[in-house]
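Shown next, in structure tokens, is the structure this report addresses.
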Amino acid sequence: ICRLSGSYAGGILAAGVFSFSRLTWQWSITAEVFSLNNLFVGLLMALTARFEEASTAKERSKISKLGAFCCGLSLCNQHTIVLYVACVVPWVLSRLFRKRELSLGHLLKLGLCFLAGLLPYLYLPASSYLNRARWTWGDQTTFQGFLTHFLREEYGTFNLAKSETGSSMGEMLLFQLVQMKSELSLPVLALALMACVSTALPKKQQKSPVIWLFTGMLCLYSLFFAWRANLDITKPLFLGVVERFWLQSSAVVAVLAGLGLATLASLGRSTVLEGTWLLPCLEWLPALALVASQLWANYSTCDQSNNYVVDKFARNVLSSMPAGAVILLRGDLPGNALRYLHYCEGMRPDVTLVDQEMMTYEWYLPKLAKHLPGVHFPGNRWNPVEGTLPDRTLTFNLHRFLKVNK
């Protein structure tokens, strides 16, 4: 924001209202992908702004290569950012083409930088081949297995869940707008709208064509996500799942709000306020007030510095188990909490953790059975109905599993 508009107050406003919003705060203190995705979203927007302001071909070439690498790297963390990448990449290429700086060689270098960013994906087949990890998310030793994981086929590609019927697209967009108003406040949304309106102002007052790009990113992401988020958000549990993905759009709204504040300040400079001490005050006061209101509204709810409920729960469960126990896990909360203490902190090395839900996947036993000593599996896969599948896979039910592991 400072690079595009020169407004430090706008930058503080954007960073503050987004960082101290409930959703950002909540998912920044959780072991999830969303906080790192926020970093990549901010990085892509910062590189875009720097590219727009670059004055030489050499500088634009350097920034575009770095941006291509960051695009690839960001896709290793969370797939939803692909919608922003799909907007930024054509925009950068078109700018290079207009300036006659897009040669075949440069395009090849950009492609190589993008592929270099995807290199962390090589860990998946390597780790799967070595099969030393005591916990994994599939068999990536084959290309089909890698694609299954890459495309999230087991959970529904481009969906939040498999075989779920969600709210309509209109309901999803309305919920998102209401959530933005609640998370960022109405004045912030008004400032973001002001940034969009500023593109119609005379050239000398217009901040940057980057505003059009950011607005397009926001619209594309919101529309696509509302179309594909197949969960019923009238249910609180599913709303909690969906709203985490709105962080990506809220980040853009916060940046637009900062640019909107800078636009108002620039309009003030062209009035009687120019050269007076009132103008800086009128720019900084709303910025600091909105950030302070975020802190005031969310601190008591989001401050979890003394919350050890999950840790105590997992420790109590593990401590209460008899020696050599086999613990059947189901669900993210108990599963992740117990696995962290058992695998990472080495608590109760004598017990064995078996994920009941994962036993339904065909890769679970071939990949993890050897890491579960003392546990007997009377078949190839767990299934509520015991028998033999058409592909000759022998299934077993919970009763059979418990019987052979008495």
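Using N, Cα and C of the backbone, Cβ positions are placed for all residues, glycine too.
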Ranges 104-124, 314-334: which does TrEMBL label transmembrane segment? 104-124
Need the matching range: TrEMBL marks transmembrane segment on one of 6-25, 26-45, 286-305, and I'd like to know which. 6-25
Using a Cβ cut-off under 8 Å, which residues of the same chain at least 6 positions beyond either end of the transmembrane segment (247-265) come close to it? 1, 4-7, 9-11, 13-15, 17-18, 21, 23-24, 27, 34, 37-38, 41-42, 45, 80-81, 84, 176, 180, 183-184, 188-196, 198, 201, 205, 207, 211, 214-215, 217-218, 221-222, 225, 279, 282-283, 286-287
Does the transmembrane segment (66-92) come close to the transmembrane segment (104-124), meaning at least 3 CB pairs under 8 Å for residues 6 or more apart? yes
For the transmembrane segment (209-227), which partner among 6-25, 66-92, 184-202 gives the most CB pairs under 8 Å? 66-92
Same-chain residues near the transmembrane segment (66-92), Cβ under 8 Å, at least 6 residues beyond its ends: 33-34, 36-37, 40-41, 43-44, 47-48, 51, 110-111, 113-118, 120-121, 152, 213, 216-217, 220-221, 224-225, 245, 248
